[in-house]
Every structure is written in structure tokens, then in C-alpha cells.
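Could you have a look at this structure, given as C-alpha cells, before my questions?
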Amino acid sequence: MTAFLTLIIVLFIAVAIWQMVKIFDLAQVGTSNDQVATDKDNKINGYLMMGFLVFIYAITIASFWYLGDLPLMSNSASAHGPGLDNLMIISMVLIFIVQTFTQFLLHYFAYKYKGEKGRKALFYADNNTLEAIWTFIPVVVLAGLIIYGLFTWTSIMNIDESEDPLVVELYAQQFNWKARYAGEDNTLGMANVRLIDIDRANILGLDESDPYAQDDIITTELHLPVGRPVLFKMRSQDVLHSAYMPHFRAQMNCVPGMITQFGFTPTVTTADMRQNPDIEEKVANINAIRLENKDQIEAKGQELTYEFDYLLLCNKICGKSHYNMQMKIIVETQEEYDAWIKEQTTFKNSLPTK
Amino acid sequence: MSAHADTHAHDDHGHHHKETFVTKYIFSQDHKMIAKQYLITGTIMGVIGVLMSIMFRMQIAWPEQPNVLFEALLGKWAPEGVMDADIYLALVTIHGTIMVFFVLTAGLSGTFSNLLIPLQIGARDMASGFLNMVSYWLFFLSSVVMIISLFVEAGPAAAGWTIYPPLSALPMAQGGSGAGMTLWLVSMAIFIASSLLGSLNYIVTVINLRTKGMSMTRLPLTIWAFFVTAIIGVVSFPVLLSAALLLIMDRSFGTSFFLSDIFIQGEVLHYQGGSPVLFEHLFWFLGHPEVYIVLLPALGITSEIIATNSRKPIFGYRAMVMSILAIAFLSTIVWGHHMFISGMNPFLGSVFTFTTLLIAIPSAVKAFNYITTLWKGNLQMNPAMLFSIGLVSTFITGGLTGIILGDSALDINVHDTYFVVAHFHLVMGISALYGMFAGIYHWFPKMFGRMLNKNLGYLHFWVTAICAYGVFFPMHFIGMAGLPRRYYTNSNFPLFDDTANANVVITVFAIVGGIFQLVFLWNFFSSMFFGKKTVQNPWRSNTLEWTAPVKHIHGNWEGEIPHVHRWAYDYSKPGHDDDYVPQNIPLKDGEEELQH
């Protein structure tokens, strides 16, 4: 019965719409042009264009005002960081100038030349000089940026093994990180996921017969001595992950089936970074925010007070808990590092005796 | 086109074969009807895509909070109204897929290439009406498969729209990589077939069916853009198809194209020797040109609308064509900038930085040419014009940050953060969407014989414009703070707590912007039936489609196809009383055609 009633109602509505269409059609004898912009529309929208220009500038200023301390463009913690930050700042300033200027022209012209009946536009189809100017200027500017960028890129990616870098493997799996130190020989032992033996706690698949593997050390926290170049070798056991260390301006994907690498020199210890006035301010700000959301944070079982730490994040979608795949990084003095590493168990000693 | 073919086509038109409802509205071979079918299917997909984005934006702003909307729409994926982490990734994935392919490729290019290519070059229809029909119905089928994939038991595809293996290849790595991913791949394979049929048709039509006098240098920029877009599509889409097929083989038939040395859930898989990086190469060999497949038609539409509404010739027609060609060429050799830190050789990174930053040059030329076209114009602020100006604005804002992302050194620290999200949404998402809206407002009278309500159009534009910047401008900043994209919640990283407020602001803008699209939908669907009837050439435009009668007829023109005597941009030309001279008006005695 309900279905029948619904059907009837739908039918009536359809008839009503059809009749209304007819009435609308009859009401419009001939056609009209009143949905085309009039001088009044041009004027209003011309003014709104200027208003919109103000809005663009306002949202730029507001973003800098409220969020300006967020971008990682200073206080880098690696040797190559300042160079990269410089390039970023130069590019940003450039973008900012071009943005301000071109948005002004675009919206100002839209306001200035808003249409009026009877006025005729200027028939101006081409000008080779102008075209040449705005081809040439970007060419020069971009050439500069490309050259600067390529020098920076090459110096970051070229790893100088003669400097005797500390070799560390970053090992990714759904959804956590492990670090493997190469031990006293500073050479990582052979490894393959096919050799993983959970029963023997050989979780990274090290070759138990490889002499280089015996002194390897597997940890769940990444400790780095300050001032010494580190060469990271990345591995993944399941899907793509990306080892992202934003404070060090470092990132590299971890790809199953191959070993990728990235090197940098940490320059600021965790303790020193915590004393940095900018970081202190940031931490105080974050803690104020956390205090406001006290209930939620405690309900999740997190600690209320935040203390600054360097982090390694996963930055390539890797599955359900991608959003919680992290490892703490601690940069410390050589002595502190030596003391820490001495306490860790070597691979050989971690294996159950046969 | 020879006179012979003209008369032949006309004869066909003479003995009108009777059209039934099915041949006219469903299995139509008429390009105008197919264009409308594309538009309406694309619009429906767009509504779904935008709704998804509002849902995951709510999750980002108010993480793990119960939400009525989630409870109503997500069912078992939102127990007690709290969004599940898997479905969050699925929403992100399907939002990207739908918006990039179904809305901004098929909905934009499919609609306007179909509508405008025959009408603007003076052809009775596409070269093959039948293939055109097949192309639409394959697109429809792929849309249906994609929608069905949302309802499978283990959840829809959730590996990101780039579906990098092994995550997308292994059902045990993620729920969405089971049946959901299979349907995703099937849907995309059908979609690619549809896209290829469409593109081949566009290319053949533009090359062969231009009316008398329509030389390549007299083509409107819309047609140039559609033509070049179709070529890019033919070159790059097959590569994605091959990637999809290889992935299907890896998933279902045990091959190892993209997989090697995998230990997951306590067991070693048999795969050996493949490489996920290979997939990334194949994917981005389409993926990057895809950006221009989406963007070039929008830029073509904008060129046409800005010239018409400025009542001025487009500035630097030849430079515009050259920059379209340059962008098309460069777009096929820049894909590696998505992979700077994928583990490929750093030297390749240098090469791709070089080619990528080169693409900024033709882009800059286009932006400046648009601005110069406005200069000393007589701007008619129709809604289409507003959206076109809006496109230039977001194209500049979004394009400029490409200088940072294209620079391999700088990419290290912003790769896969919200900075990238902000960049590409402005430069190809919002810009292309504005191009699509501009096209709809401009050619609605041509499609439906009625006008869209302009005041609703103004309301739609201004709110959308403010919300688009409100969403994506602050997003650059939280990206530069190092916040990774595709995180279900940021609450496990106290480090990012100071981005939380910005995320709430962004979400509020997104919700308001989303709601105001209803104004457009209302305007669109009600004007289709109740809108004011249009005059033949409401915008006083030069191109040939406005010489065709308002009422659609099969074959487009009664009698002979108009001949073309001039380019499309004789606006406000000295020596003419009107401020426009349609392309079919012969040159006056002693009038010079502009040389280009």
C-alpha cells in the first residue's frame, strides 16, 4: 500500500514539474538576455575583485602571523641543513614577490577594466618584445635556482665514504622501526628477509654465519653521536615506507628488495636543541595547547607534558597504523653515545645458544 | 574538408532516421548528447568525491570523535560514529581517484572535447559517433565498478590513489588490497580504454573534419588544448594500463614484476627480483602527464572565455599554442620529480629537476598572457569570466610552489607532506575545477538551450573562491612544519599539536565550500528545465558553435556548414561596428587578417 501511494505521489510530482516547465516556457515569450552580466554586475564584481585581492593578501599575512613559526626553515640539526634552508628561504622570497605582484595585476586589471556599455576594448593581439621579456626573465631566474638547487642536491646525495661515516641500518616494517648498528667493524652483516627466524629472535634476517654480522647491534631507539657523519642504509621487509627525519632535513624511501641510502652529519645534540629559545617557545606553546585538551590526552593514556625530541617518522602510506610509525632519535656527545652502545647486546649474544 | 564529404554528411541529415528514446538519450551517437552524459556522470561522481573529502577533513580536524555523518554514511566502518583508520585511507584513496580521473579527466575533457570539437571546427559530428558512444559507456561502466568497489566486505582500495605496490599488491598488508583493489584495477582498466577511444576520436576529428578555411592557425585555443590533451592521453594512458595489468599479474598469477623479498605476517613470500620503483616509474609516466590532461583543457576553456569576456583578442595566440605544445612535450619527461627520494639514482634526480623547472617557463608565459589579455579590455563579469580569472589566480599561487617541489634538494623535506597536498590541489585540482565550472557557465546555453542564473553563479563563485584559498593557503604552512599527509590522526605526535587549530580552520572552510556547491547543483539542475531560454549567441562570441541553432539538431547546422574566414579572436577589431566578428564572416575589402 505504501509503495502504491509513493508511486502515485511521485507521479503527481512528475506531472507537476512537467506542467511548471510548460508554464515557464509560455511565460517567456521569445527569449531574454537578462542572465548576461550588465554594467551593474561588472561594477559590483569589479569591486569584489579588489576585495578578493585584499583577501588574498590578508590570508597571507594571517597565515604568517599565526602559523609563521611552523615552517622548518631554521634550527636544522644537520650539517647540510642550513644550506637547504637558505635555498628554501630564497625560493620562498622569490615566490612571495612574484605572487604579490602578479595577483595584484590580475585583480587590479579585473577591477580597472570592468566593462561599460559603449566602450571598446583595445585591439592588441601580440607583442614580441613583451613575450620575449616574460620568457627571458623566468629563464634567467630559473637557471639560477636550478644551478643552486643542483649543487645543494649533489652535495647532499654524494656520500663521501672516506670520512669514515658511522653506518646504521634503518629497518622498516608495518608499523615500527628498528635500527641496526654495524658494530666495531663498522660493516653491516649480510641480511635478507628470507633468513628471518622468529623462533631464534633473528628478526631482521641477518646471516648468522657472516662474521660481519656477529657484532651488529639492533635497537629500537636511534642514538647518534654529534658531529660524526652517519650513513643510513634503509631496508623494508614488507611494503614501502619512508624514513623521514624532518629536523635533519633528511628523507629516503625504504623499498622491499633493495637497499637505499642517505647520509648526514648531526650537528646539535638533543640536549642543546631543547635549550634553543625557538624550540623552548614552541614546546611551551604545545604544552599550553595540550593543557587545554587535558582530558582527551589523558584518556588516550599519553603523557600530558611534551618534551622535545628528534623523530623518525614514516612518510609513505604503509597501511592501517601508518599514522603511528615512529622512532625516537637521540643526538648526544661521543662519550654518551659510546656508553650507550656498550650497554646494547650484539647480535651474536642475542641469539639463543644452540 | 572536401566539399564532397560536406554534401554527403548533409544528405545523411536530409533523410532523418527516426530516433527513439533509447537512441536519443541513452545509446546516443550524437556528440552533444554524449557531452551531456559525460557532464552529468562526472557531476554525480564529483558529489561523491567532495563528500568523501568533507568526511576525512572532519576526521583530521576532530580526530576519533563520534560524528553523525560518519555513522549515517560509513556504517560498519564507523562503529559508534568513530571513523575507522582503514576507511580513512580508503576515503583519501577513492577521493583522489574519483576527482583526478572521473571528474577532472572524463567529466572535464569528456564533456567539453565532445561538445566543442565538432561545433568549433565546423564538423557535423565526431569522426566516429559509434566509438564515441562506446567511449562514454565504458566510462559509465568503470564508474559503476568503482562505486561497487566501495561496498566490498574488506573495504575499498586504500593504498592511496597512486596504489604503490607492495601495499596495493598484498591483501595481508591492508584490508583494502583485497577485492577492493581488484575492482579498482578493473575499473581503471576500463576507464583507460574509454579514455583512449575518446582521445583517438578527438585527434582524428580535429585533423580531418575541419570546415573549409579552418586552418590549424585559426583554431580556437580550446581546440588546441583538447587536441594536445588527447595526444598526451594516447601517449601516456597505455603505460598506466600496462602497469595495472602487471600489477594484476603480480596479485593474481604469482609473477614478480613489482615485488621482491617480502616477509609479512610471519611468512616469507615467494616473490623475487621485482621492484616497486619500476611501478613508480610506470605510474608516474602517466601520472605526471595526467596533471596536464586535467589542466590543459581547463586552460583552453579559460583562454576562450577570457578573450570573449574581455572583448579583446587573446594576447599572444602563437605563444599560447607554443606553450601548450611545450608543456605537452615537457610533461612526458618530468615524471621522476615524484620520485626524488624513491631510491632511484640521485643523478636522475638532477635531470628531472632540470626538466621540471623548465616547465615553469611556458606556464609563466601563459599566466602573463592572460593578464595582458585583461589589460585595457572591456570585461564582462559573467560567472564564467569570474571562474576563469579565479583559475589564473589559483594557477599562479599553486604553480609557484612547484618551484620548491620540483627542486630535488628542497623536495627532501616537504615530500609527501601537506605542502604537496596544498600545491597540487591549487594548481591542478582547484584550477581545473574552476575551468570546468567556467565551461559549464559559458556553454550551458549551448548544451541545454537555457541560461544558468547569474546571481546564483556569482554567489557560487565568491564563496568557492574564498573557501578554496581558506583551505589550501594555511595548508602550505602545516606542510612546511613537516606534517605528513595520509595520517589518520596526528594525535600520536605531540610535535604537531600546534598544527591542530589550523586543521580545524581548514576543515571549516572545506565544509562551507562543500555546502555552497549545492547552490551550483540547484542552479544546474533547475536551469536545465526552468532556466531562461537563451538567444543564439548570448556572450556575443566569435566561435562557430554560436552560429548553430539553439535547438540541437543531428548534424549541427541546417544546410551548409559555415566556412571560416578569420581566426577566433577578432574582438573589438577596428573598422567593425560590433565588438565581435564571428569566424564565418568574410574579410571586408582591404581588411587584413592578423598574421600569426
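Cβ from N, Cα, C; glycine included.
Okay, these came from TrEMBL:
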{"type": "DOMAIN", "residues": "B:21-547", "note": "domain 'Cytochrome oxidase subunit I profile'"}
{"type": "TRANSMEM", "residues": "B:38-60", "note": "transmembrane segment"}
{"type": "TRANSMEM", "residues": "B:87-117", "note": "transmembrane segment"}
{"type": "TRANSMEM", "residues": "B:138-164", "note": "transmembrane segment"}
{"type": "TRANSMEM", "residues": "B:184-209", "note": "transmembrane segment"}
{"type": "TRANSMEM", "residues": "B:221-249", "note": "transmembrane segment"}
{"type": "TRANSMEM", "residues": "B:291-307", "note": "transmembrane segment"}
{"type": "TRANSMEM", "residues": "B:319-341", "note": "transmembrane segment"}
{"type": "TRANSMEM", "residues": "B:347-372", "note": "transmembrane segment"}
{"type": "TRANSMEM", "residues": "B:384-406", "note": "transmembrane segment"}
{"type": "TRANSMEM", "residues": "B:418-444", "note": "transmembrane segment"}
{"type": "TRANSMEM", "residues": "B:456-482", "note": "transmembrane segment"}
{"type": "TRANSMEM", "residues": "B:502-525", "note": "transmembrane segment"}
When you scan the chain for residues with a C-beta under 8 Å from the transmembrane segment (B:138-164), skipping those not six or more beyond its ends, what do you find?
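Distant Cβ neighbours of the transmembrane segment (B:138-164) are 37-38, 41, 45, 48, 77, 86-87, 89-90, 92-98, 100, 102, 106, 110, 171, 174-181, 183-188, 190-191, 193-195, 197-198, 247, 276, 279-280, 283, 287, 486.
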Against which stretches of its own chain does the transmembrane segment (B:291-307) lie, if we need a Cβ under 8 Å and a gap of at least six residues from its ends?
100, 104-105, 108-109, 112-113, 220-226, 228-229, 232-233, 236, 313-314, 320, 324, 327-328, 331, 366, 370, 373-374, 384-385, 387-389, 391-392, 395, 424, 427-428, 431-432, 434-436, 438-439, 442, 541, 543, 568-569, 571
State the residues, same chain only, that lie 6 or more residues beyond the ends of the transmembrane segment (B:456-482) and have a CB under 8 A from a CB inside it; answer 'none' if no residue qualifies.
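Same-chain contacts beyond the ends: 382-383, 386-387, 390, 393-394, 397-398, 401, 413-414, 417-423, 425-426, 430, 437, 441, 496, 498-499, 502-503, 505-506, 509-510, 512-513, 516-517, 519-520, 522-523.
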Most CB pairs under 8 Å with the transmembrane segment (B:418-444): which of B:38-60, B:87-117, B:221-249, B:502-525?
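Looking at each of B:38-60, B:87-117, B:221-249, B:502-525 in turn, the most contacts to the transmembrane segment (B:418-444) are made by B:87-117.
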Under a Cβ pair cut-off of under 8 Å, which of the recorded stretches B:38-60, B:87-117, B:502-525 contacts the transmembrane segment (B:221-249) most often?
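Ranked by Cβ pairs under 8 Å, first place goes to B:87-117.
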